[in-house]
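These features come from TrEMBL:
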DOMAIN    365-511  domain 'Phosphatase 2A Regulatory Subunit A helical'
REPEAT    90-128  repeat 'HEAT'
REPEAT    206-244  repeat 'HEAT'
REPEAT    245-283  repeat 'HEAT'
REPEAT    284-322  repeat 'HEAT'
REPEAT    323-361  repeat 'HEAT'
REPEAT    362-400  repeat 'HEAT'
REPEAT    401-439  repeat 'HEAT'
REPEAT    562-593  repeat 'HEAT'
Amino acid sequence: MDAGFQIEDIAPIAILMDELRSEDVQLRLNAIHSIPTIALALGHDRAREELIPFLQDSVDDEDEVLLALAEELGRNFEEYIGGKEHAHVLLGPLENLSAVEETLVREKAAESITKVAAVLSQSQIEQYYIPLLKRLSHGEWFTSRTSSAALYPAVYDKVSPAIQEDLRKGFTSLGSDDTPMVRRAAAKWLGPLLALFSQQHIISDGLPIYRKLQQDEQDSVRLLTVEDLIVIAKRLTPPEVKEQLLRQIKQSIGDKSWRVRYMAANHFNELSEAVGVEIVREELIGQYVQLLKDNEAEVRSAAASQIPGFSKLLDKEVILARIVPCVRDLSQDTSQHVRAALANQISGLAPLLGKDVTIEHLLPLFLHLLKDDFPEVRLNIISKLETVNTVIGIELLSESLLPAIVELAEDKSWRVRQAIIEYIPLLSNQLGKPFFDEQLGNLCMSWLGDTVYSIREAATVNLKKLTEVFGVDWARVAIVPKVVGMGSHPNYLFRMTTVQAITTIVPSLSLEIVRSDVIGPLLELAKDPIPNIRFNVAKALEVMLIAFGNTAEGRAFIQDWITPTLERQKNDMDADVRYFASRALAKVAAPSS
């Protein structure tokens, strides 16, 4: 819109401007989220000349308002001020935001600046962005210097070699800053920047910055250099890695701070792939074993999570000689979290070791972990059994597996019982229909009679998922008769479970099965003396209306079976029954209208 705007256009703008000056934080927050609207109403020229300067002066505000402002300015806001050629105007308010005290605001401002950088031309970058970067890098307060570290990677490969040299020098000074927070930011952003360096500058400039940060007195800085190490290793040849990085790799893995060792353990597979198989086999096996035997449980857990990935790089004999003994020790670890991490990964060794070795060395460990006192350990083993099943076969597995599942299914903690129920469909898919019918079918039905409502509810959802896994024909034989049979139980809770189970599984069944096997017993329960059961029947009928009301055959079924029952229930003595019956009848009317 040009300067000849109408008087009615001014009113909303004035209101929004007033809201930005309001004392109510929520109003200011709403106003910030509306600045695209203000910009549209003002038009490109006035948005640049009036709105942006106003926002630039608005940094003295609550953190949540500033965070919202930093976010809005990074959402393609250049479109509201005349397009890419004017995008540099946004750098003013964002520069102010990237120097505030609150970390979240600074990080969001830096993120938005890099988004703006993506649409700037080279001349705009050199004229506006680079000076901003230098101002922040040399700022008096550490906050601006911290923010500046994130801004280097966004433009490094878009500027001339001379400016690139300045940027390398600027980043080097951030890596030597007096303030730990700045050095931490430098360590965090060094990796993305190094990815843009030429090969020669990786060695001449990147390595010195990395080495200085890797030797930092603060462990919070050193731990961030592990990811930088991986980036450098990917760019170097194995002989260069050996010569330039091996010492640093060993220092990080053996660092006196457990947090640094944890980071090394957590990224060990990435690091191993970056340095190459030869160095892994010559130098890193001992280092990895050292992490698996670390004093700190967190480090052992992180190292355990890398076992299959690292073992892929080793020969079978080496896995057996060096890794399996550690796995055996970890399965007896005093920390339940370490055992849980191991249980999550141990199955990944089976394909690498083959059937005979798995049966001899790993199967006893699976059995041991399946009997672990800590439920998460047992569940982690069960959730990853498919890998083991493909290697050693179902017969061997089922002999040991079933007792553990039954034990979990009867655990005194209902949360454990609920967790194992959620794994049953996955397990059934892995182990197949015959095994399920023979070993787990009765167990799944027994959960429908559990004393805890959440378990009964989870059991009905489980039946629906099993129907999706094995198909409706299987459900007709294996599930429907048992569910319907509970409808005549003297205890009303069992009858209620029947209704709820039908409600849950009906959308997965065919109309033919519902008509022949389900609707009759359900309508009998519509006459139950317990009002709760009667109104749950109305809810079940409503689900059937939605599931089958889309076909002519379905509508005929509804007309013959469901509508008469709901009409009867509409006059029930109980108010809830009348309400749910009326609600369902409204659904009958809706499609025809």
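Cβ atoms here come from the backbone N, Cα and C positions, even for glycine.
Because TrEMBL annotations are produced automatically, they should be read as predictions rather than curated entries.
Averaged across the repeat 'HEAT' (245-283), pLDDT in this predicted model comes to 89.
Residue counts for the repeat 'HEAT' (323-361) under DSSP, helix first, then strand, then coil, are 35 helix, 0 strand, 4 coil. With a cut-off of 8 Å between Cβ atoms, the residues of this chain six or more beyond the repeat 'HEAT' (206-244) that come close are 171-172, 175-176, 180, 183-184, 186-188, 190-192, 194-195, 197, 199, 251-252, 255, 257, 259-260, 262-264, 267, 270-271, 274-276, 278-279, 283. Below 8 angstroms of C-beta separation, residues 52-53, 55-56, 58-59, 63, 66-67, 69-71, 73-74, 77-78, 81, 84, 135-136, 139, 141, 143-144, 146-148, 150-151, 153-155, 158-160, 163 of the same chain, each at least six residues beyond the ends of the repeat 'HEAT' (90-128), sit close to that stretch. Taken through DSSP, the repeat 'HEAT' (206-244) splits into 31 helix, 0 strand, 8 coil.
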